[in-house]
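Notes follow the structure.
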């Protein structure tokens, strides 16, 4: 085995041991009255015995009012919309799903599996058309050109990309006639209408269901019987039933629970989060830390393990399970002390960047950049070039070798 692979294997085993220790709470036999049990066990016991750490819940079946850090919000659950009720509610509707990308694929298959009447509208004989056929959508029965699908549909689910929504709107708008419902999964086009020119007709309900994850995740969680978290919003309520319709559709496309927001807040938080810690920010942090380690003589395997591998495989899952303090309690005293000291330094350094980012989202700068880039004829080629540049960076090339050493590794297709 090469020295790189050897060091990677050692680092992976070390991270695995840390992950195993942290992920398996275990009480250690002690004399009566002692408190010398493992940190994670201590955390688990404290969580179990402290009612103050649990969310305050009131409400009835299907709708709950939860206390989110002192702010009460209504949460809508799928338990109030069993499949039979969904089918009855939408028995006279045809869901015309326009676009078959990530969200279109996931939401469409979930709605179909829930027994709803779904048709797909995409460009005939394009890649999405071929993909839809592979997924069982039948041309002339459940698969149509976009304009024909909109004419047939009563609920028009516009899941085209943001740029495509803007580009196609002049052709699609006249087909969205009185009595139909216009559905989005992102507030982008409607909120930034000055840039996109997407202005919904005045005589239709306009609603939003925004799953908090990719279309692949929407589909996977549905198949696992769990459901994804989603937000709902109403832009225009002509019938007086727009909100109820949004909740029902949210459940129909695979949501486990839904919370209410506005079109504006959804798009601001979504664009901000993606450019921040969800994607852009974390990529920048990973790369900066890796570069400093390499500049100070650390090997690629060590730098990757201490930057990405331990974060994604050991520590971040703990945050997802029970929060930041749970992750801290799973780590050594030295790690805790240093992290607690440096966290406010990073917060202070990053706050101006995040404030600048939010303003760039709110004033439409990010929207205009997105529309310009994604509207290019060379969009796919330009994007592929940028992604290849990332893939070719040393940090991610080293990561491929590190991942190959995981016990559950499966070769990439």
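Using the three backbone atoms N, Cα and C, a Cβ is placed for every residue, glycine included.
Looking at 1-29, 30-58, the range tied to region 'Disordered' in TrEMBL is 1-29. In the three-state DSSP scheme, residue 332 (substrate binding site) is classed as coil.
Of the listed binding-site residues, namely 274, 306, 310, the sparsest Cβ surroundings within 10 Å are found at 274.
Here the C-alpha separation of residue 306 (Mg(2+) 2 binding site) and residue 332 (substrate binding site) works out to 15 Å.
In the predicted structure, the domain 'KARI C-terminal knotted' (262-409) carries a mean pLDDT of 96. Here the binding-site residues are 270, 332, and the one whose Cβ sees the fewest other Cβ atoms within 10 Å is 332.
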